[in-house]
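As structure tokens, the structure follows; a few thoughts come after it.
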Amino acid sequence: GSDQSLAPLCTLCCCGFLNRTLAVVFMVSLAFAIVVGNVVTLTVFVQTRQSRTPQGYLKSLTVSLAIADMMVGVLVVPFSVYTEISLMVTSAPPIWYQGTSSATSSSISGIVSPWQPCMLIGPVFAGCTFVSISTIFLMTLERSVAILRPLHKDALVTRRRTLLLILLSWAASFLLALAPLIFSRNFTLEYNECSRMCNYTPLLFGSQLPPDANILLLFPAFDFTLLGGTLAVNIVSFTSIRRYSRKRKLLSEGSLSDAGGAGGGGGGGCPHRPSFSDIKAAKTIGILTFAFTASFSPIAVFVLGNVVGYTWCNFSFFAFWILTGNSCCNVIIYSVRDHRFRKGVTLLFQRDQSPPHGEKT
């Protein structure tokens, strides 16, 4: 038909019984890891008292990132688990499984079509992905101010600006996630039996893609623009860190004297140099950027191929779930890089051994 959706056929490799069982076990484990990891992250960061300092504003951005990741574990992954189990235990797929393309023709005939849950789950997944990368970009900007302009960070990084930027990132991200549905009538959202997720699907006109199918390229264009900006800011920040580290090494070896005697006290030169915690936080955010770039790149390749007309069934599963798995990577990176976070997690699970009220910090 002229409004038939571009849904790839499910191959035995993708949809065999054993394959579905392994996929469900993987999804359940991933959902558990995402939810537990981000709940721990939220609890540790919310309980800290540095909420009105520039370091506290970085924690606000971290909380925003954790909320976006947790929404993936609470809504997106469980929906895929429910759908896969339904397909395994019932002989017929759910009534909405065939997508809204058939529902469109039914509504034209006067039959009320069922509500498509993917119309909610799909934009949530896309929106949370965009929130993640935009939040990482804001975190990088915040750290660059702390590295490059440490004397001005109190004036540049304020509570009001931080909260405003967080709200704008959420609003812009979900508006972009809905762009294919807002600006075109040639797309639908339906459960893809290859990727096991709710995907944007262009409607076929005969055997041709719609003329505005390239609107899906907005997604990788947005992400790679922010990732490129994040990479550029990180390069500038790390160049400054390297310069400060080299100068500190020379000072420790006695090869460089205190210029003009300013600062006295063996501080080693620049009183406005970034602190060790600022430098370590910048390096941690750099690792977060690298992890997100690596997890998003397969999706970008898949979207580009989909717009051109290729259908990669097995590759789509790995691409979408590698990106989903990134939602539980942040807590691992924090645990490895931040000793304060590790200490907070230890205190969180040892509440019975907490110090008296007067000794709490």
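Note: Cβ is positioned from N, Cα and C throughout, glycine not excepted.
Quick look at what TrEMBL annotates:
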- 37-334: domain 'G-protein coupled receptors family 1 profile' (DOMAIN)
- 22-46: transmembrane segment (TRANSMEM)
- 58-81: transmembrane segment (TRANSMEM)
- 120-141: transmembrane segment (TRANSMEM)
- 162-183: transmembrane segment (TRANSMEM)
- 215-241: transmembrane segment (TRANSMEM)
- 285-309: transmembrane segment (TRANSMEM)
- 315-336: transmembrane segment (TRANSMEM)
Considering the transmembrane segment (120-141), which listed stretch of 22-46, 162-183, 315-336 counts the most C-beta pairs under 8 Å: 162-183
Overall pLDDT for the domain 'G-protein coupled receptors family 1 profile' (37-334), taken as the rounded mean: 79
